Structure formats: C-alpha cells, structure tokens
Amino acid sequence: MTATHTTERAVIAKRVDSGTADTEEIRDLARAAGYEVVGEITQTRTEDPAYHLGEGKVTRLSNVVAREGAAVVIFDNTLGPYQTYNIGNELPERVRVIDRFRLILEIFGQRAQTRKAQLQVELAELRYELPRAEAKASLAKRDERPGFMGLGEYDESREEDIKKQISNIRDELESIEETERHRREQRRESGFDLVALAGYTNAGKSTLLRRLADDLDVDENDDLHPDLDTTAESEDRLFTTLGTTTRRAKVGKREVLVTDTVGFIQDLPHWLVESFKSTLGSVYHADLVLLVVDISESVEEIREKLVTSHDTLYERNEAPIVTVLNKTDMVDDEEVQRKTDALSSLAPNPVAVSAKQGLKIDDLADRIDHELPDYERERLVLPMTDDTMSLVSWIHDHASVETVDYGDQVVIEFEARPAIIEQSRAKAGDLVGASA
Ligand SMILES: Nc1nc2c(ncn2[C@@H]2O[C@H](COP(=O)(O)OP(=O)(O)OP(=O)(O)O)[C@@H](O)[C@H]2O)c(=O)[nH]1
Ligand SMILES: [Mg+2]
C-alpha cells in the first residue's frame, strides 16, 4: 500500500462536557493524515443523541464547511452511526464526516507498509465496524417496518462476514508472530542482546535508532521503511513508523539488536490498542527497553505520557526500562535538570540525549551496556583440527574474542552472553570427544 497524500480541506469539530475544547492534537492528527485544516467548531455541552452537537451548532458547522469549501468534517469525538448519518444530512452534498478513531485508522492505513501492519489496520477497521453492524442488525430486527427488513438481513450476514474476517486475520497474524518469535530466538542464540525502543509518537525513536545503529539493517523488509533510511530525515509528523525495524548496533563489546516500534498515542480506544498489541512483541521480549520521551514538552505532558507508557508495558514487560530524555538541544541545561527532578519518581536515573545532534549518545551506550546481562569470560583449550577452526570462527561470530593462541593446541579466550558460553562449551566438548 502506498501512502496517499490527500490535500482535502477539513473542518474540525469537537464537543466537551465541560471546560474549553482543546483542538491541538486533533489538528495534528488531521495534518498527519494529509488534510488541510481550514476551520473549527467547538462546543461545551452534553452530548445530543441525534447530532452529538446542539442542532444550532450543526447549522453553524454546515455554514463554515460551505464557506471554506471543505470536503471533510473531522470530529474529535466518537460518533455513533446515526449521529454520523444525521450530521451528514445537514452538511453540503458529498461532505464526509469522520470521527477521531476513523481518522487514526486512516493514518495507520496510509503508513502500513508491511503485511503485518496492513493486517493490523484491517483488524482494527473490522473491530470498529463490528459493533456498528451489530447495532444496525438489532435495530432492524426490532423494527417491523418492511423497509428495514432487507437492511436487517443484509446486516446480519455482514456481521457474520466481519466475524469471519476477524478470525482469518487473527490466524494470519498469529503465524507471522510465530515466525517473529522464532527469529528472535535465533538472534538471541546468535549472541545478540535485544534492545527495544518504545515511547510516544514523535519522541524521536527512529532518529535515535539511526544514531545507535551501524549501517546494517537486519530485517528483510528494509526497503519498506523509508523513514529509517540513513539518508532520509525523520519527519515531524505523527506515526512515521508503523511496524518494526531492527538494526544491529555495537555497544561496548556487545553486538546488540535495536528494534524501533510504533509510537504510542493518548486516548487510543482499547480495540485499536488490541489490534496493534503484537507490534509491541519486540518490546515485551527485549532484554532492555529504552522509553523515549521528548524533554521539550511540559512536565505535565511528559508525566502523562510516561504513565500511559508504563501502563502499556506493565502487563507483559519483564525487562529493565531506561528512560531516555530526548531533544535536549531544544532546552537549556537548567530546564533539563528541573524536569529530570520533577519526573524522578516516574523516571529514576534517566539518560538525557539529543538524538538529532548526537549529544550524549556515548553515555546512553554505556548505560545500555551496564543494564544488559553481564558477559561472562571463558577460556577453551582445543585440539588442533579443522573442526576446531570452524568452532573458532563461530566464537568470533558470537562473542568478543580477546586472544587466540595457536600452538600444539588452540587456546581461545573470550567474553559472551552466558547462553553463548554454554553453547561453546558444548561444541568444544564434542570436538574433544571426537579427537580423543
Ligand atoms: N530538536 C530535536 N529534534 C529531534 C530530536 N530527535 C528527533 N527529533 C525530531 O523529532 C521528530 C520525530 O522524530 P522520529 O525519530 O521520527 O520520532 P519517532 O518517535 O520515531 O516517531 P513515530 O515513528 O511517529 O513513533 C523529527 O522531526 C525529528 O527530526 C532531537 O534530539 N532534537
Ligand atoms: Mg519512528
């Protein structure tokens, strides 16, 4: 699927029960989806069952849409199917009405480039549609009016259809995940520590990955991640990354695999989170999680995002979490210190960096090295045979070799993850056994 860049003109609408409506985030999301925001209507009142807004407000909305020649109205609320229909009737011809979740789905649909991401978007869409189809079907059933019967029958089969599709997609996702699990295990056995980047969208995860990583991309779908191209800039838009990409990085003596993940966002409905949960698989199974936040945001905003991130990670994550305060180039040292102190209970001992400017990346690398399970030392004495030569090269591939002495025997000293040491001992045992 290629990204479609619509430049349709959009009017934002938002209702809040009390206080004043803040439209900053929905504007950002609209722009992320490719819309040009040309106006907005907000209202503080209880929800109107038929129109969501008050009827007078809907007329105002219609006027703004007509005046600005808008093609779309974007609600920062959840609209029921009938509200959507009723509002649509009050607007000029052919103007679309979408709500917050539809909009997020549109963005995800545009960004989904891997099979897995596409399936997840489809799953999310179907989960969005299912209760709506169910509602229609049950209303039609209750309603004896003949005109509705046809609709009812149709919707009931639609409901079954959606359920079947959901189950098919789940199966396919499961098999993709199985492959990923297998790949993760192989990587671990190859001596890599697995580090995952997590955090809100736009925090700078992809930029940081590029800073940490060597050039090599270890996923097969490299070409599907233009945002990770070393020559391409990260974009200042939401959800640049959908799906995960893994790159190899050297941290101290270690070979580490760093995985970039989809960004979190506030107020995601649970069905949407559910659909993208498997995206977080690489986070849940990492040896270390780097939780990236944007230090240029307000303390309140960062705190809220940290809390949500921890909630998302809490259930299944067992790895240590290091908070990375990114974008230090945008604030002065005093502000970094003040915010670090204010956030100390949520983010104890964080590392402050600028991914973009490459500041303090070494400190972060040291910290990663420190947090990962310790390497162990090993010294093996091996007979001088051809098989030994291939074991020595295996050790070179999987460990950090300090010395190799070739005499009557081969003496090799190295450091590696405990699992690698075990494997090398077993292989050495086979060799010695065979040559005896
Ligand atoms: N000033 C400054 N900008 C940064 C820094 N790191 C990243 N950015 C900018 O922040 C924006 C988002 O960066 P990304 O790396 O795409 O963020 P992300 O967390 O991967 O975002 P998603 O993929 O949407 O989840 C881009 O415009 C980056 O250039 C930094 O250290 N300083
Ligand atoms: Mg990204």
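Placed from the backbone N, Cα and C atoms, the Cβ positions cover glycine too.
Whatever TrEMBL says is automated annotation, not expert-curated.
Per TrEMBL, the features are:
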- 109-189: coiled coil (COILED)
- 193-376: domain 'Hflx-type G' (DOMAIN)
- 199-206, 260-263, 326-329, 354-356: GTP binding site (BINDING)
- SER206, THR241: Mg(2+) binding site (BINDING)
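Not a single one of the binding-site residues among GLY199, ASN202, ASN326 has a C-beta coming within less than 6 Å of an atom of ligand 2. Taken together, the residues of the coiled coil (109-189) have an average pLDDT of 76. In the three-state DSSP assignment, the secondary structure recorded for ASN326 (GTP binding site) is strand.
Rounded to a whole value, the Cα-Cα separation of ASP329 (GTP binding site) and SER206 (Mg(2+) binding site) is 17 Å.
DSSP assigns GLY199 (GTP binding site) to a strand segment in the three-state reduction. Of all the binding-site residues listed here (LYS205, LYS356), the one with the fewest other CB atoms within 10 A of its own CB is LYS356. The separation of SER206 (Mg(2+) binding site) from THR261 (GTP binding site), Cα to Cα, is 8 Å. Counting neighbouring Cβ atoms within 10 Å of each of the binding-site residues (GLY199, ASN326), the lowest count belongs to GLY199.
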